[in-house]
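Asks: This is the structure, below, for whatever I ask next.
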């Protein structure tokens, strides 16, 4: 009788998880504003569910609080200066890693592998689900044969966001001391080395960066600028989300063609079709009600798999710093962004609050001011 009762309880919990995940995916569908075919998203959900038991990030013995605050009230949640005591909580870090592994495995999900696709294969875009792309010969040639993170493990990892809070931080030297450095969206480093460092082991490149930072490669000058940036990576992993939306197809192909034509020394990676929904599912089941995870949150979630200690820099989604000084959205350009806009696909202040909670518990270290030794 006791065994039968346990079976019924397990079945009920399983149905609850399925219901919650499908509700979350329906929410994504409404945000994107598309209608029609659901095959691709449903298959991503099924894949996610196959790895997920409902797990919670433990903060002070309980799960992360559900947070809906999108105002600049989050500025009140200040971070202590770099010189303040911070101690790594290894027990919590390991627990988070195990929980995330129930949703995704960064070693596998960081990239689709060559053996899983062939030229001409049809892929449904993650967000434009009624649109498809064919795997091109160039894309196929650049798919890795094995995971670029296979059997990799690092003592310390730095994830460098792009907030203007990095300016005058003097964090460059500290960032470069870490075992593995992750950067976002091909952000420039040479001219900002004192504040952001130079070392790069993995850098992401959303297709929109080609439009915004390299003028859609409209002429030879812009193509040369992109080539210089790519050559500067010098063997790093270039992580290109090629399967997100239809609008990025041409830009991904342009970059792939340049890499092959000029024999650029990079290791390309193209994230799995299930990764984004798996990451979102993990945070949602921990009561962090994000919309679409930012690149920074994606990178943190992946890094828990292969990094013992994780240090975040340049994560600050507010227009003012802790001293009420203006902060640029990006340290390297004049782009404006509505952090609390309902139209934004991201919920950056909410993500920050979750990361700050983890910082306070020692699961990661979040630096938002000057680094030790900065002058």
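Each Cβ is built from the backbone N, Cα and C atoms, and glycine gets one as well.
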Asks: In Swiss-Prot, one of 7-23, 24-40 is tagged transmembrane segment. Which stretch would that be?
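Replies: Result: 7-23 is the stretch Swiss-Prot calls transmembrane segment.
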Asks: In the structure shown, with every protein chain counted, which of the glycosylation sites 89, 134, 219, 234 has the densest set of Cβ atoms within 10 angstroms of its Cβ?
Replies: 89
Asks: Give the distance between the Cα atoms of residue 307 (disulfide bond) and residue 134 (N-linked glycosylation site), rounded to the nearest whole Å.
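Replies: Spelling it out, the Cα of residue 307 (disulfide bond) and the Cα of residue 134 (N-linked glycosylation site) are 35 Å apart.
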Asks: State the three-class DSSP label for residue 307 (disulfide bond), counting H, G and I as helix, E and B as strand, and everything else as coil.
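Replies: Going by the DSSP assignment, residue 307 (disulfide bond) falls within a strand, counted as strand.
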Asks: Could you tell me which of these disulfide-bonded residues, 307, 371, has the greatest number of Cβ atoms within 10 Å of its own Cβ?
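Replies: When each Cβ's neighbours within 10 Å are tallied, 307 tops the list.
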